[in-house]
Amino acid sequence: MKDLLRLKTSLKEEIENILNEQIKVEAHSSSIYLAMSSWCDDQGLDYSAQFFEKQAAEERVHMMKFFKYVNDRGGRAISPEIKNIPKDFESFRAVFEMALEQEMHVTQQINNIADKCMKSKDFVTFQFLQWFLEEQIEEEYVARRILEIFDVVGEEGTGRWEIDKHVQKVSYSGE
Amino acid sequence: MCRNFNCLDELYRTEFGAVYQCNLKNCYWLEFAGEWYSLNVSDFLFFKKEVDSIDIVSMLVDSSRHSDVVVLQSYRARRCFVLNAVEILQLKDLLSAARFMIELNSVIQECLSYSPSTSVK
Ligand SMILES: [Fe+2]
Ligand SMILES: [Fe+2]
């Protein structure tokens, strides 16, 4: 009997489902960062607002990478529904703590997908994930570094203004 | 799409219906409640997901009249399904068994084609 399934798609159902889940996670990240950007803007934290706007755009690019991959492999990518995006945040620092937690969550998710790919011997998708795993090193580093600046500078007096200005300078060289 | 019985492989049959594979048109035929529906691979998988996502418990718990049946639309099946809870269970069973057979066929094909010395028909 002909194998109609593999003529149509190279993705196993389980892998397609978790990739669609990841599309949702990336879209969710993008929306959270956009909410953070708006909050920072409202608080007069210009550079942080810009920082999160850029992060939001990057997360959308991540989402589209997964989206295209699913379709290119013969699967069906699902346009994600995004719910439960906060509008208000506890504090300047809490925003960056949440950002780090979000990135750590993403890393964990991608690790899980890589694990599933290994188990079902889908090394093509496993290879595709490498870019994201590497990207997560930078994402976590930057968020963690900014949190450390809160400790170094302190929020008193002009501290918040100093921290905000410094946010844009944090980068990861990988060297 | 015409049904050519010569090229239909039966994937699974229950007492309520059956799913066939058409090797000529590369599609599946679903026979259910006396009707025939043809679906391509992608539509079939999508349709199964739709059926699986129906929450039967909340249908049964909800006492309002509109929750007695679910109307399922598949654009390509060119018919819509009006199903009560029992029929949904029957359809879920049939589709998941057929889905299993489809997967099994893939696994078998993969195993057969693994060794270069074995030729697969
Ligand atoms: Fe991301
Ligand atoms: Fe990220």
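Quick reminder: no glycine exception, Cβ is built from N, Cα and C everywhere.
Bear in mind that TrEMBL entries carry predicted annotations, made automatically and left uncurated.
So that you can see what the record holds, here are the features copied from TrEMBL:
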type	residues	note
BINDING	A:E26, A:E59, A:H62, A:E103, A:Q136	Fe cation binding site
DOMAIN	A:9-154	domain 'Ferritin-like diiron'
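Take the mean position of the Cβ atoms of A:E26, A:E59, A:H62, A:E103, A:Q136, the recorded Fe cation site; other residues of that chain with a Cβ within 8 Å of it are A:V25, A:S29, A:E58, A:V106, A:F132, A:E135, A:E139. The local packing around A:E26 (Fe cation binding site), expressed as other Cβ atoms within 10 Å of its Cβ over all shown chains, amounts to 23.
Listed in sequence order, A:E26, A:A27, A:S29, A:S30, A:Y33 are the same-chain residues six or more apart from A:E59 (Fe cation binding site) with CB atoms under 8 A from its CB. Across the range of the domain 'Ferritin-like diiron' (A:9-154), the DSSP-based residue counts are 116 helix, 0 strand, 30 coil. Note: A:Q136 (Fe cation binding site) has non-local neighbours A:E103, A:V106, A:T107, A:I110, i.e. same-chain residues 6+ apart with C-beta under 8 A of its own C-beta. Taking a Cβ cut-off of under 6 Å from any atom of ligand 2, the binding-site residues A:E26, A:E103, A:Q136 reduce to A:E103. Across the domain 'Ferritin-like diiron' (A:9-154), the model assigns an average pLDDT of 97.
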